[in-house]
Amino acid sequence: MKRVHLIAAALLAAAATTAPASAAPADLMTPAGPVHTSAARGPLRPVDFAPFKGRSSSEVLAGPASGLDSSWVIYTRLAPRAAPLGSISLPVDHTYLVLKGQANVEIGNERFVIKPETMVLLPAGTPHRIWNASGEEADVFEVITPAPQRDLAGLIRPAAPRRVPNAASLVRVAPPLGELAGGTGHASLNERILASRATGSLNVLERLNDMLPGGGRTETHLHPFDQVYFVRKGEMAVIYGMKTYVAKANTLVVLPVGVVHNNTNASNSVQSIVTLLLPEPEKGQPLGQGVTLSGSAAAAAPQRGAAQP
């Protein structure tokens with residue numbers, strides 16, 4: 001897997017700029033480095049859980065250089081007691097979703113402890129940083145969107161902490177998961193929305209979905225936006241064009257704009273996923289349309305229906 005250090009170098013500069021003058025060089029490690037890019041291409045991108053040294057490891061699972069034009073999606077692992085470093089900001093939106101353990105996030109000059117199924121929405125220009133003060137590894141799912149260029153490192157800037165109005169409102173705790181609806185279609189997704197246009201997120205709709213066996217979007221359809229899934233638990237059966245795939249836990253599923261697809265839970269256990277719409281269409285704009293396949297894929301995609309994400 002090719003290691004890249006451009007992002008790490010940019011973050012090192014950010015850390016050095018905002019760190020105390022007395023900080024030793026060892027204290028100026030990058031907030032998200034070392035960074036590497038997944039070698040996977042196509043719709044399925046499994047996370048690389050190889051052991052790492054240092055305070056953190058970040059894997060770019062998808063981005064403009066690897067088939068996702070709208071955004072970067074990153075899986076970051078923070079080592080136990082990974083200390084805080086300098087704040088950064090970006091000219092685009094950035095989200096953190098804790099999947100495992102707990103992370104510490106500073107938004108402006110306010111600090112929060114973020115636990116699983118909690119998302120932090122960081123609008124463009126917001127100073128922020130993340131670390132792990134706990135004794136266990138913390139795994140964080142990151143989205144940076146939109147992508148105005150292919151070079152992520154060129155977007156990252158050092159930032160001085162400052163007051164961010166209503167910083168606490170940027171921390172979004174998922175509602176409790178109630179009794180799961182079965183069947184198929186949108187109701188079977190059991191969605192819990194963390195960020196959307198209705199909650200002030202114009203560039204990404206981010207939500208949690210939990211599906212019983214047999215649930216999901218059985219009709220094949222397409223969208224006028226990029227859609228991404230991350231399988232947290234269980235597995236997902238995906239029709240992608242004329243092929244069928246099975247995405248197991250800890251796998252990113254990338255569905256670029258216009259790709260015919262569906263997604264179901266063909267397993268015997270509950271499927272838990274993160275869903276991204278990049279971006280969510282404005283109110284009144286179409287979400288997509290159903291598509292009828294013919295030939296070898298038709299048996300796996302039985303019906304045409306109105307598309308819902």
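Every residue gets a Cβ built from N, Cα and C, even glycine.
Taking TrEMBL as the reference, the stretch among 35-59, 185-209, 210-234, 285-309 described by the feature region 'Disordered' is residues 285-309. As a summary of secondary structure, the domain 'Cupin type-2' (211-269) carries 0 helix, 37 strand, 22 coil according to DSSP. DSSP states for the domain 'Cupin type-2' (93-143), grouped as helix (H, G, I), strand (E, B) and coil, give 0 helix, 34 strand, 17 coil.
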